[in-house]
Amino acid sequence: MTAPVVSAADLPRALLVGVDFGGKAFFDPSLDELALLAESAGDLPVAKLTAKRRSVDAALFVGSGKADEIKALVQLHAAQCVIFDQPLGPAQQRNLEKHLGVEVLDRTMLILEIFAARARSHEGKLQVELAKLQYLSTRLVRRWSHLERQRGGVGLRGGPGETQIELDRRMIAERIKAVKERLVKVKRQRGTQRKARERSGVLRVSLVGYTNAGKSTLFNALVKAHVYAADQLFATLDTTTRQLYLEEARARVSLSDTVGFIRDLPHALVNAFQATLQEAMEADVLLHVVDAASPTWFEQVREVQRVLADIGAAEVPQILVFNKQDLMDESLQPRTDEDFFELEPGRSVPRLFVSAMTGYGLPRLRQAIADCREAEGDGLINGDAFTTQPYSESDDQPVIP
């Protein structure tokens, strides 16, 4: 049976809002990434609004004047929800919904919704449930304010006089504990599998990168697999591991595809996905996949490095894989197919330009992995596996720095 076709007219209409607080945090004036997130969650962006403020308004986040402007746009475009690119407090969200008369979400809620819809494996669903429960536990005032009332007598769980919100909080805490216990078992199973790979002496390589950089497409191209890949955010949530045979080294390596990162990735998700992210933490080499055709690729690289630092994987040897070379503007094409990139002061890593879709540069990437296997990772960091010179901003190089 074929799935019903959903037309744009059937999708919830969303108004997108971004607020610039003057350099205190990254601000995307285009709201393009928020629009992609909204589309990935099944919403239809119908209008965008940006504003500048010196500080956050405690009640309405944007102040009453801008809130009135948002309300007018909601009515003009018949929007059914408003999505903010910045995190909202529970009271701010509640006040905005009352003021605007429609559902109000922020970036964190949107990402959690996408993860919940995309999780396929048992492990993935457990991790998303844990993240949502942890997030929800801080927002019971909003979700259950209408249930706040005294419960007389002694119930099955609550004691005399226990409020509904206290009961809900305790039930969520119990569920969080149960999910964590199940995830400990999953983590233990993954640990057993990793130890088996360690004993085999197989080099462990993990794909990491910003969401929609093309990791799964590259994974499929390298191992001839059919892992789900799509031009959308967070198409892959579950880690997949395959054996990659390298003719160049006449040996096999273990290659893992992992969940993508994104700016302002909710801490609850990072914590919940520890079992999955363990693949990156314990890898011998990371293939850091970058969307070379994205105008914000540099910010994306920095964000991935920040998340890697958070999970304790920042020092794992890396190869920067600039993917989607076929989509780069002609004026941005690099003069060389491989060079070095300074991730941070004093640390340069190899960089290769490839296209997972066309196969361009994949032989060089395979050779780089083979060289890494031969050098057990050290050769790549020190530059012994490459003959090209490190890039510096003073060099006469193409626009890709």
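Cβ coordinates come from backbone N, Cα and C, glycine included.
Segment annotation: TrEMBL labels region 'Disordered' over residues 381-401 (candidates 192-212, 381-401). The distance from the Cα of Ser216 (Mg(2+) binding site) to the Cα of Lys324 (GTP binding site) comes to 13 Å. Considering other CB atoms within 10 Å as the measure, the emptiest surroundings among the binding-site residues Lys215, Lys324 are those of Lys324.
There are 24 other Cβ atoms within 10 Å of the Cβ belonging to Ser216 (Mg(2+) binding site). Ranking the binding-site residues Gly209, Asp238 by how many other Cβ atoms lie within 10 angstroms of each Cβ puts Asp238 at the bottom. Mean pLDDT for the domain 'Hflx-type G' (203-377) in the predicted structure: 87.
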